[in-house]
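> Pulled the feature table from Swiss-Prot, pasting it below:
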| type | residues | note |
| --- | --- | --- |
| DOMAIN | 1-93 | domain 'PE' |
| REGION | 1-72 | region 'UBA' |
| SITE | Val64, Leu65 | site 'Important for interaction with host ubiquitin' |
Amino acid sequence: MSFVVANTEFVSGAAGNLARLGSMISAANSAAAAQTTAVAAAGADEVSAAVAALFGAHGQTYQVLSAQAAAFHSQFVQALSGGAQAYAAAEATNFGPLQPLFDVINAPTLALLNRPLIGNGADGTAANPNGQAGGLLIGNGGNGFSPAAGPGGNGGAAGLLGHGGNGGVGALGANGGAGGTGGWLFGNGGAGGNSGGGGGAGGIGGSAVLFGAGGAGGISPNGMGAGGSGGNGGLFFGNGGAGASSFLGGGGAGGRAFLFGDGGAGGAALSAGSAGRGGDAGFFYGNGGAGGSGAGGASSAHGGAGGQAGLFGNGGEGGDGGALGGNGGNGGNAQLIGNGGDGGDGGGAGAPGLGGRGGLLLGLPGANGT
């Protein structure tokens, strides 16, 4: 027996994009029809008339073919939209009969652990801002609540298989919520919530456990709080999450990988402070994450250092310093085989970053910043 898994939102979105594309092409063909189907002769002689008639015939043939292509395009979009509606209807139809079965399956674990066996965790609410944990076997963690006052709720953790919930956005002056941990066997960590500005820090991205990527840290868009650090990748495989940027505080550090995977990029510091350091790569293989930039313009922030490479991989590049005297970050080192990361450029009177060391067996050192 074969099974089909369809994301109805993606299918509907694709149908809408194709419909808009078809409308644009039809409008372009209509605009060009007058100039291409009735070409005026360059002169009164027979040769000019024959050339004009030839090009006009080509234009008319093109319009006929375009009309046929537009009809096929319209039929395809209708079929795609109908398929999305059919999948959505099937899901809605199946939900009712299957819900009692899920209730029976989840009843023992709900009674013992207050957690379902299968199913996604509920999103946070004003009364309980933290997202609920997903099912022990399969299920994503719920997203944290974004309140009008106070910190954002934390994302819920996944079970054995599933992704962690995203942290909620903090209110003015409050921190964003941390992302939830990914599934024990497979799943990505949730993204940290953004701060509401005015001093709040972005939430830390959730980490993966065995296989999966760490979640990105939350942004501190216009306050003095730091950007959230990226979550760590899974123990066996997975990239670290990217650190987030901050306006006045420091950028968040990129998450690290453990055995196989790339380190996450550090977050930028947009005005002052220091940009986030790039995450280190997995021990055996992976590239170090790039250090965050001290940004340009009226910034004195220092660039973040690049992350260290694995045994096989390249070191991360150091971030550039801000234009008003920020130091460039040092490039990350390679280990056995790989190139060192380039050092970041210093801004104004800021010192440039040093290039990372090349691999001991094979590899070039990174260039120093200027």
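Quick reminder: no glycine exception, Cβ is built from N, Cα and C everywhere.
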> Using DSSP, how many residues of the region 'UBA' (1-72) fall into helix, strand and coil, respectively?
57 helix, 0 strand, 15 coil
> Kindly state the mean pLDDT of the region 'UBA' (1-72) in the predicted structure.
81
> Let's check the environment of Leu65 (site 'Important for interaction with host ubiquitin'): how many other CB atoms sit within 10 Å of its CB?
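The answer is 11 other Cβ atoms.
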> Please work out the number of neighbouring Cβ atoms within 10 Å of the Cβ of Val64 (site 'Important for interaction with host ubiquitin'), leaving out its own Cβ.
10
